[in-house]
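TrEMBL annotations:
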BINDING   Glu171, Arg217, His456, Arg511  L-aspartate binding site
BINDING   Arg217, Asp218, Glu219, Gln226, Glu504, Gly556, Phe557, Asp558, Arg559  ATP binding site
DOMAIN    138-577  domain 'Aminoacyl-transfer RNA synthetases class-II family profile'
REGION    195-198  region 'Aspartate'
Amino acid sequence: MYRTHTCGELRIAQTGQQVTLAGWVQTIRKFGSITFIDLRDRYGITQLLLGEELNNQLDQQPLGREFVIQATGVVSERSNKNPNLPTGDIEIKIAAFTILNKSVTPPFTVQDDTDGGDDLRMKFRYLDLRRNLVKKNLELRYAVNRAARNYLHENNFMDIETPFLIKSTPEGARDFVVPSRMNPGQFYALPQSPQTFKQLLMVSGYDRYYQVVKCFRDEDLRADRQPEFTQIDCEMSFVEQEDILNMFEGMIKHIFKAVKGIEVTEKVQRMTWEDAMWHYGNDKPDIRFGMQLLSIKSAFTKGGKLPATGELIAGTDFKVFNDAETVLAIAVPGCAEYTRKQTDELTEWVKRPQIGMQGLVFIKCNADGTYKSSVDKFFTEDKLKAIADAAGAKAGDLVLILAGAEERTRKATSELRLEMGERLGLRKKEEFKLLWVLDFPLFEYSEEDNRWVARHHPFTSPKPDQIEIMIKNSPVIENAAEYLKHPYANIKANAYDMVLNGNEIGGGSIRIFQRDLQEKMFAALGMSQEEAMHKFGFLLGAFEYGAPPHGGIAYGFDRLCAILGGSESIRDFIAFPKNNSGRDVMLDAPSAIDQKQFDELQIKLNLQ
Ligand code: ASP
């Protein structure tokens, strides 16, 4: 036995006991003839006291940071207690110690307050993982994993593994491909998700499936994405949307309870995609705070209707608003007193390339009931008041208005809302607000390819009452500029996302399960029959053998952990993550391979 106890478990009650601990030397402090060592393992830190009698051994076998030692001694009450450590009341008076392994000087201090920068810590990730903060994150990840599995197991779900070497059928993201040595010139793809497999499992009768599974997407890595990430992937048969929403609302509540001790009793709020876009400019709204968008003028129609608020700016000759496709406002609470410098800074903020607006109009709703704006020349005070009122502003608020092309302006206003929410401290880390977003559009128009693409994926079914629209109308878009007028633009999907604090944490849909409808869907996406057969013949074939109605969902496991852990970064919750360029800096991967490997694969490099 290397140890009788861990470094996290001894307390005052064990005083007088002889114990043996093993772990890593975190710090060494020498005071005259005695030496204190903080010994660390996964469970905590215990102070060791090495007295005079061990001085000789210490001289001959000096200890250093991160040495692995085994030490035996007696638990004693500490005179100088440390209330910040669970073991802080005691120390071990060491009688003997053995160095189990030495360590070279670590490149950074392995402590909560480390002196190591990001890159260095990633290069030596195995040392970073020794740090308490990182360990806590992995513990939380494991707790979420366990809670999800327990819930799913209790509900009859079965964990079934699906293959990683599959067929390349890119749709949406790019596939990672793997050459096959045994089939020269042919390639596997790594799955972007087990989507088609879980549907096949439904055809096979495994009516409740789940997997905590790696997915691979060769995307340009925007902030906080990983080329390989983990999903809690689920599928159920004989269900309607309502069944899925209830089941997985249950799962997330179970996770909250198990991991955070938070009892979510109320039903998760629901919002249609249209409402989300209309009120928040975003399909994953952060509903921890209000500040909803007012569509003064908009090309986006809600329920087929244009905003009636256009008259707020009618009759004025402010060209910027008159010429704009869309004019949107938000009322920022308590900011009417912003100085010129502050409004200038906000204007610069919206002009940044990421936001891409030309400028910002503001109305100050002064505490004395007067209104002052950056467009006083064009608007009477009455008009300003009318806009401010419509935006829900109160005395003391600042109304911010953006104008321009629909998509950009809506997105920018949404970003501005989030930014102001952040600045005003309205996005509290410890407040969790769940939301279902429902009724997404089935299709999205791809300007690049002048065709429809599946907004979710090609296996998502349209709302039952809208299947007819898909069947009766040709997908061809005659006039790209007017694609919104095409009947396909209004077809809603039987799809849903779960949103937590402004992040999409899960998404899924009720699936198509009839061959002819699935074929129609592929055709709507511009796929020829041959192409559909080549890519998805196996699924179309399976649908002919009694496919049950089914649907499912997948949760982004890394992101869910990060939010529950109060972090912005999913990397903090992955044991061995990649950096922003998709590199594993510890392994130095990706890297070149040997010529022999190329020869075996019969592949010639043709680097430009
Ligand atoms: N496979 C889908 C995804 O990865 C999720 C689902 O529809 O279940 O987004």
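Cβ from N, Cα, C; glycine included.
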Next on the checklist: Can you work out which residues elsewhere in the same chain, 6+ from the ends of the region 'Aspartate' (195-198), have a Cβ less than 8 Å from its Cβ atoms?
Outcome noted: 162-163, 166, 209, 211, 233-235, 457, 459, 536, 538-539, 552
Next on the checklist: With every protein chain in view, what's the tally of Cβ atoms within 10 Å of the Cβ of Phe557 (ATP binding site), excluding that atom itself?
Outcome noted: 26
Item to check | Long-range Cβ environment of His456 (L-aspartate binding site), under 8 Å and at least 6 residues apart | outcome: Phe440, Leu442, Ala493, Ala495, Gly507, Ser509
Item to check | Cα-nearest neighbour of Phe557 (ATP binding site) within the listed binding-site residues, Glu171, Arg217, Arg511 | outcome: Arg217
Checklist entry - Arg217 (L-aspartate binding site) has how many other Cβ neighbours within 10 Å of its own Cβ? => result 20
Checklist outcome for this item: Here the binding-site residues are Glu171, Glu219; the one whose Cβ sees the most other Cβ atoms within 10 Å is Glu171
Checklist entry - Per DSSP, how many helix, strand and coil residues does the region 'Aspartate' (195-198) have? => result 4 helix, 0 strand, 0 coil
Checklist entry - How big is the gap, in Å, between the Cα of Glu219 (ATP binding site) and that of Glu171 (L-aspartate binding site), rounded to a whole number? => result 12
Checklist outcome for this item: Arg559 (ATP binding site) falls, by three-state DSSP, under helix
